[in-house]
Amino acid sequence: MMMLNPSNGGIEGEKMKKKAKVVVIMGPTGSGKSKLAVDLASHFPVEIINADAMQIYSGLDVLTNKVTVDEQKGVPHHLLGTVSSDMEFTARDFRDFTVPLIEEIVSRNHIPVLVGGTHYYIQAVVSKFLLDDAAEDTEECCADVASVVDQDMVVESVFGRDDLSHGYELLKELDPVAANRIHPNNHRKINQYLSLHASRGVLPSKLYQGKTAENWGCINASRFDYCLICMDAETAVLDRYVEQRVDAMVDAGLLDEVYDIYKPGADYTRGLRQSIGVREFEDFLKIHLSETCAGHLTSLSNDDKVMKENLRKILNFPKDDKLRIMLEEAIDRVKLNTRRLLRRQKRRVSRLETVFGWNIHYIDATEYILSKSEESWNAQVVKPASEIIRCFLETETESGRDPTSGKSIERDLWTQYVCEACGNKILRGRHEWEHHKQGRTHRKRTTRHKNSQTYKNREVQEAEVN
């Protein structure tokens, strides 16, 4: 008889010490993660925890591709559309919410299944060591920096209002090592670091040393025992699928959702507006609304409800119509950015293996995506995934960590690389830099850069001779 979860209160004393078992399903967008998680309920008593950063927010159900109530098939789903759209929900927030939730699910003798493509969310739960903990724990001990508003006040009182507006440059002067770790536009993190220094006299980089930095992202001493599954498919097949999915989203009401959330001059770095498919329509909506309100489009009513209903009609305007061109370009940008996203997600999964030593089981959904056959889905996806999980539940040894890897590439958390050939693109850490150098775009630009430099050098030499 299979033991579902060794952490249940009814298990014998020695088994109570064993870690609870958690299934993780990750992978690129469009690969079928949510569908697999729901179908596993036919084989195991599962509860699903959403690990998609945008699906956590309420709203934009079509655009973020949330599983519908019908698609959930009665399987319990958690953290799906539960966070206010304007809130910032960090990896630490996700971890702090999810860990107790996993324990709660285990107490019901059910199997928690963590599902999503936001791999830094998953990493925050799977790894016991979250790199930002040291800094944030220090903040919590200091009443002067208890909120974002207070952080601004602390930084302003010490460095002045003018310096506050140039926070990244100030941080580079104070602690260049810490500045290298974050993006120049990450104002929340910049203020966090500056407030630490202002209130405690501590260099942020000093906090990221020792055990936390050494074990960051690894599964050493993890809270639970993890079965790590990655849904995958050929990139070209996923490209075609996500493009078709965007078209289907437009038919299903994507434009209505974007219209509802549109706000001129909105902050696209926080909350639900970070979603792919929001910012891409900003220019189109700005022109569309201004012309409609000015009465230039007599064929469309100014009534809010009717305007939303007529958005898709713009796609039937003459091909040379400015609004139709802008709308089609916006839809194409959504497709492009979605294709880019799935490539980033694939790279991140690979990094979890090569850099952090995760033992990941891959399930190839290519045949199903091409055929749309439920027979193929069951044979190529559900059956192998169920066998992997069944073996995981029956084994006594931990499954998530691969002891033979994880140190294959030295992790460099603090070094920033700048690629001049690619327009001064910033890469953080040796792994990102090495991966970037192998890319086709970088190689092409490097070749052009070298040829251009050779030509310039030849011109200089000829000028000196003459």
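Any Cβ shown, glycine's included, is placed from N, Cα and C.
Over in Swiss-Prot, the protein carries these features:
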BINDING   Gly27, Pro28, Thr29, Gly30, Ser31, Gly32, Lys33, Ser34  ATP binding site
BINDING   Thr29, Gly30, Ser31, Gly32, Lys33, Ser34  substrate binding site
REGION    52-55  region 'Interaction with substrate tRNA'
SITE      Thr118  site 'Interaction with substrate tRNA'
REGION    433-466  region 'Disordered'
COMPBIAS  437-451  compositional bias 'Basic residues'
COMPBIAS  456-466  compositional bias 'Basic and acidic residues'
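Known features from Swiss-Prot, placed on the structure.
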residue : record                                 : Cβ neighbours (10 Å)
Gly27   : ATP binding site                       : 27
Pro28   : ATP binding site                       : 25
Thr29   : ATP binding site                       : 20
Gly30   : ATP binding site                       : 26
Ser31   : ATP binding site                       : 30
Gly32   : ATP binding site                       : 21
Lys33   : ATP binding site                       : 25
Ser34   : ATP binding site                       : 24
Thr118  : site 'Interaction with substrate tRNA' : 20
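Counting in whole angstrom, Pro28 (ATP binding site) lies 9 from Thr118 (site 'Interaction with substrate tRNA') by their C-alpha atoms.
DSSP gives Thr118 (site 'Interaction with substrate tRNA') a coil state; it is part of no helix or strand. Using a Cβ-Cβ cut-off under 8 Å and counting only residues 6 or more beyond its ends in the same chain, the compositional bias 'Basic residues' (437-451) has close neighbours at 419-422.
Within the same chain, residues 64-66, 80-81, 89, 115-118, 121, 272, 274-275 sit at least 6 positions outside the region 'Interaction with substrate tRNA' (52-55) and bring their C-beta atoms closer than 8 Å to a C-beta of that stretch. In this structure the C-alpha atoms belonging to Thr29 (ATP binding site) and Thr118 (site 'Interaction with substrate tRNA') are separated by 10 Å. For the recorded site, Gly30 (ATP binding site), the DSSP three-state label reads coil. Taking the Cα atom of each, Gly30 (ATP binding site) and Thr118 (site 'Interaction with substrate tRNA') are about 13 angstrom apart. Each of Gly117, Met231, Ala365 belongs to the same chain as Gly27, Pro28, Thr29, Gly30, Ser31, Gly32, Lys33, Ser34, is absent from that list, and has a C-beta within 8 angstroms of the C-beta centroid marking the ATP site.
The average pLDDT computed for the region 'Interaction with substrate tRNA' (52-55) is 95. Excluding the listed site residues Thr29, Gly30, Ser31, Gly32, Lys33, Ser34, the same chain places Gly27, Pro28, Lys35, Gly117, Met231, Ala365 with Cβ atoms within 8 Å of the centre of the substrate site Cβ atoms. Cα spacing between Thr118 (site 'Interaction with substrate tRNA') and Gly32 (ATP binding site): 14 Å, rounded to the nearest whole number. Taking H, G and I as helix, E and B as strand and the rest as coil, DSSP gives the region 'Interaction with substrate tRNA' (52-55) the counts 0 helix, 0 strand, 4 coil.
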